[in-house]
Amino acid sequence: MKNKLDLSLYLVATKGNKSEECFLNTLENAIKGGVSIIQLREKELNAREFYKLGLKVQKLCKSYKIPFLINDRVDIALALDADGVHLGQEDLEAKLARKLLGDEKIIGLSLKKLEQLEFIQGVNYLGCGAIKATPTKESSLLSLELLSQICDKSPIGVVAIGGIDKEALVELKGINLSGVAVVRAIMDAKDAFLAAKELKRKIYENLSLK
């Protein structure tokens, strides 16, 4: 699967205050609108709750034949036999995650410094940001200049993340990205299908999709 990875519209999904039914409906509508990959990110759930929710999201992703990744938790990814995992700089090292998960799984890594490109062995794609201020990353922004430098020097695909909406996509034009990752632009939208569809249109208009 990793050789055919479509990162164009990457959804980082968190259940939040939604009911499980509403959450799953939102994801399904987002997939129908053009989401190409889903990462389940649940910082507040315990391992059992995360696993149970993961089973349902995984089933949905399988039915639409899109990759399903787990945020941070290599153990949950292994238990689910998920398509892969996305790791932060403070999580298990990517090379160790690769040993545990095997060669066919997808591993993504958060990165925001050029020097971190030296340590991406075993990684399939990079997530870089935040591009815009978000509730959790108000003071941790990545400049567009640095994002562009990372994209130009990275041997693997780069996804921009952090406060990205359809307006922000125009600012990313000309940067050698493989896609964008969104959270609120879809998860908080009144209509996830239309939100995803419009984002996808803007992505194709503005990004080269390396």
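Every residue, even glycine, has its Cβ placed from backbone N, Cα and C.
Copied over from Swiss-Prot:
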BINDING   GLN39, LEU40, ARG41, GLU42, LYS43, ASN71, SER110, LYS137  4-amino-2-methyl-5-(diphosphooxymethyl)pyrimidine binding site
BINDING   ASP72, ASP91  Mg(2+) binding site
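Ranking the binding-site residues ASN71, SER110 by how many other Cβ atoms lie within 10 angstroms of each Cβ puts SER110 at the bottom. Over all protein chains present, the Cβ of GLU42 (4-amino-2-methyl-5-(diphosphooxymethyl)pyrimidine binding site) has 21 other Cβ atoms lying within 10 Å. Secondary structure at ASN71 (4-amino-2-methyl-5-(diphosphooxymethyl)pyrimidine binding site), taken from DSSP and collapsed to helix, strand or coil, is strand. Recorded residues LYS43 (4-amino-2-methyl-5-(diphosphooxymethyl)pyrimidine binding site) and ASP91 (Mg(2+) binding site) have their alpha carbons 13 Å apart, per Cα-Cα distance.
Around the Cβ of ASP91 (Mg(2+) binding site), the same chain contributes ASP72, VAL74, ALA97, each under 8 angstroms and 6 or more positions distant in sequence. Long-range neighbours of GLN39 (4-amino-2-methyl-5-(diphosphooxymethyl)pyrimidine binding site) (same chain, six or more residues apart, CB within less than 8 Å of its CB): TYR10, LEU11, VAL12, ALA13, LEU69, ILE70, ASN71, HIS86, GLY108, ALA181. Counting neighbouring Cβ atoms within 10 Å of each of the binding-site residues (LEU40, ARG41, LYS43), the lowest count belongs to LYS43.
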